[in-house]
Amino acid sequence: MDNTSSVPWASAASVTCLSLDAKCHSSSAKSTASSISATPESQTMRHIAHTQRCLSRLTSLVALLLIVLPMNFSPAHSCGPGRGLGRHRARNLYPLVLKQTIPNLSEYTNSASGPLEGVIRRDSPKFKDLVPNYNRDILFRDEEGTGADRLMSKRCREKLNLLAYSVMNEWPGIRLLVTESWDEDYHHGQESLHYEGRAVTIATSDRDQSKYGMLARLAVEAGFDWVSYVSRRHIYCSVKSDSSISSHVHGCFTPESTALLESGVRKPLGELSIGDRVLSMTANGQAVYSEVILFMDRNLEQMQNFVQLHTDGGAVLTVTPAHLISVWQPESQKLTFVFADRIEEKNQVLVRDSETGELRPQRVIKVGSVRSKGVVAPLTREGTIVVNSVAASCYAVINSQSLAHWGLAPMRLLSTLEAWLPAKEQLHSSPKVVSSAEQQNGIHWYANALYKVKDYVLPQSWRHD
């Protein structure tokens, strides 16, 4: 992850970019020669179109490099267990003992799999949210013969598939066995996440009980939200509901939260546009204005659970649990970034001083939660933003501000190159341009792609799962 590791690929990328640029200009020259009689306006439009095609190719190349290269880092660099990608674990994993659960909390707490949301029947509206799992590396017992054991929530399927891969790496020739998933026959008492497709009961295909402690550990590493070595005969795992995990997918603020524009005007995040310059923070904790280059998530209708941080100076920040917040460490005199739901009272966050305009530490005096409508996640060129006077990262899920900022480099490059292009409206007959903020509704495609690959390239200790 250090700077020296990026030199080889940067050189290769530069050569490739030069090649692409040469091809694009060569194509442009041929086109110009074949149409000498064309008007200056048509030549300008053709040049813009060629430049945009070069830009698209270049951006795709850089994005591919930044996604693929972390997969080639050694386990020592990534500090990870090495599951997936066929590597052996770089650190020892200890099996769970009988009756042990991880985390050591009630299954229905928010820090584990969360509360029950209601039984799902075949005639329930939520039944369509269950998805079948046809992974050939998993055996499904399916005693009922209805295929019910293949049905589960999307999050449960994602974690189960990761676990199946880990089982094959740990014990070649052995497959993961699912003995129970979604239950429509009420075999598990009155309260069970099996009825919602959020729980699975698992074993190994050889039924070797000596493997079950390690199987439970692999389930924890795969990202299940609650794992219990409840019986010598099987392992029980469950996950948060799909409706609640969006707070773990991307970090967002409420649309009513405000950012300070360079003009001195406070603007609600729900009204921000691409190109707005808002108050942000440098890596050294200095206040600076930075351009909004895209929205990683924007949905003004989505209901969401938020964490609320109250400071002794009266600032209140409302943010999703997985969002990174700047925290000042007075003992070491260092600035760190911590997930919002892991900030405690007496921690110090950076807040803008209304008199000097500088960012100063203020003590957190209360940490609460609230459910509200709408999510907005602007990305600035600096990778940080000051919201409701509190300094925060633009990133979430990954417990590393620098790594997350590095991962969004292609989008910053794209924004820079687009700024060099002639005005896009020259390519259209209508001069009206609709802002990206008005068009976007949902998660940005690039942010979503990074989220999907994180489980394969980052250790669980780096993720907010």
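Cβ coordinates come from backbone N, Cα and C, glycine included.
From a predicted model like this one, the values you see are computed outputs, not experimental measurements.
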According to Swiss-Prot, E180, D183, D185 bind Ca(2+) 2, and the residue from E144, E158, E221 that belongs to that same site is E144
Within 8 Å of the Cβ centroid of E143, E144, D149, T179, E180, the other same-chain residues by Cβ around the recorded Ca(2+) 1 site are F140, R141, D142, A148, V178, S181, D183
Apart from the site residues E144, E180, D183, D185, the 8 Å Cβ neighbourhood of the Ca(2+) 2 centroid comprises E143, A148, D149, W182, E184, H187, H194
Recorded positions D185, G251, D297 vs E144 (Ca(2+) 1 binding site), shortest C-alpha separation belongs to D185
Rounded Cα distance, in Å, between D185 (Ca(2+) 2 binding site) and D149 (Ca(2+) 1 binding site) is 11
Cβ atoms other than its own within 10 Å of the Cβ of G251 (cholesterol glycine ester), all chains, total 28
Cα-Cα, D297 (site 'Involved in cholesterol transfer') versus E180 (Ca(2+) 1 binding site), nearest Å, comes out at 35
Whole-number Å distance separating the Cα atoms of D149 (Ca(2+) 1 binding site) and G251 (cholesterol glycine ester) is 33
Listed in sequence order, the residues of the same chain lying six or more positions from E180 (Ca(2+) 1 binding site) whose CB sits under 8 Å from its CB are R141, D149, H187, H188, H194, A199, V200, T201
